[in-house]
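According to Swiss-Prot, the protein carries these features:
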BINDING   Cys54, Cys59, Cys65, Ser294  [4Fe-4S] cluster 1 binding site
COMPBIAS  9-29  compositional bias 'Basic and acidic residues'
DOMAIN    66-283  domain 'Radical SAM core'
REGION    1-33  region 'Disordered'
Amino acid sequence: MADMPPVLRHPEKAHRPDQPQPKKPDWIRVKAPTSQGYKDTRDILRNNRLSTVCEEAGCPNVGECWSQGHATMMIMGEICTRGCSFCNVMTGKPNALDVFEPGRVAHAVQKLGLKHVVITSVDRDDLDDGGAEHFAQTIRAIRHRSPASTIEVLTPDFLKSKPGALEAVVEARPDVFNHNLETVPGLYPTVRPGARYFHSLRLLQQVKELDPGMFTKSGIMVGLGEDRQGILQVMDDMRAADVDFITIGQYLQPTPKHHRVDRFVTPEEFKGYEKAAYGKGFLMVSATPLTRSSYHAGDDFAQLRAARLAKLGRA
C-alpha cells in the first residue's frame, strides 16, 4: 500500500511565495523542553486527548510553561475555519464537536492542579453560535470539578455567529475574557483577512457592558510592519473599550509561507510600550519579546486583581 501524502496544514497558503525567515536575535532564543514536569504535563494532556495552543501554534514558551504544569487548552478541535497569515494552527473543514470534551478538560485541570486555567479555541465559523455554548459548558465543567480555580477564556470573534453567542460565554462567568486584536487595523487585510478590527474592538466593549466587573484582556503582535504610532492608537482604542490588560509580543514566522517578520523589536522598545500602556490607564501590561496571551497568565491575574483593588482603594 502506497504511503499517504502528508496532511497540508495550510492549504490556503500553498500558492504563496516563500518569505525569508530572518535569523532570530539572542533575546528570542529559548531552550528545548526536557524537564520531567514538561513530560508529566504532556502525558496528562495526551491521556485526556486534549489539544493545546502551545503545540498547535508553536509557542516558544511551551518548555517553560509545561515544566511548571501550565498549559492553554484549545477546545473544539485542531482545525480552524480561518486562514490568518500569522497563525500556525491547521486550516480546513473541522470535525463535529466532541460533547465529552468539556468534561475531559475539567479532569485535566483538576489533575494538573491548576489554580488559573486558560481556555482558547480555533475559529468555528461553521457553527451557528461559533462554539459559544461549548465554551460555556467547558467553563461550567471546570467550576464543578475545581471550584477554587480561576478561569480565563481567549475567544474567537463570533463574527458570523447568531445573536446571543457572546452573552452565552459571559453568562458562564469566566474570571477573565480575552480576545486578541492581534495587529493594527491597517494590516488586517493581509494579517487577519477573515476578521474585522472594529468588530473585535466592539466585542471587548460589549463584554464590559454585559458584566462591568469582568476583567477584559487583549493582545497584539509587533514586528509585522506596523509603526509605533499605530500601536499607540490600538492602545487608545482598547482603553476606550475599557480593556484592563494588554499583552504585546514579538511576531515569529512559523513557516516560509506565513507572513514575513518585518523586524525584531528590541527589549528596550518593549519597555517603552509598557510605560506608554500604563500611562494610558491599563491595570496590567505584559510587553516583552516572548510575551504571549497566556504566558504567566496565573501570576498576571493575581496582579491584575490586586491592581483593581488598589485603584478602588481596597488594597
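Any Cβ shown, glycine's included, is placed from N, Cα and C.
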Mind tallying the compositional bias 'Basic and acidic residues' (9-29) by DSSP state, helix then strand then coil?
6 helix, 0 strand, 15 coil
For the compositional bias 'Basic and acidic residues' (9-29), distant same-chain residues with Cβ under 8 A (at least six beyond the ends)
60, 83, 85, 88, 90-92, 250, 252-253, 255-261, 264, 266-267, 289-290
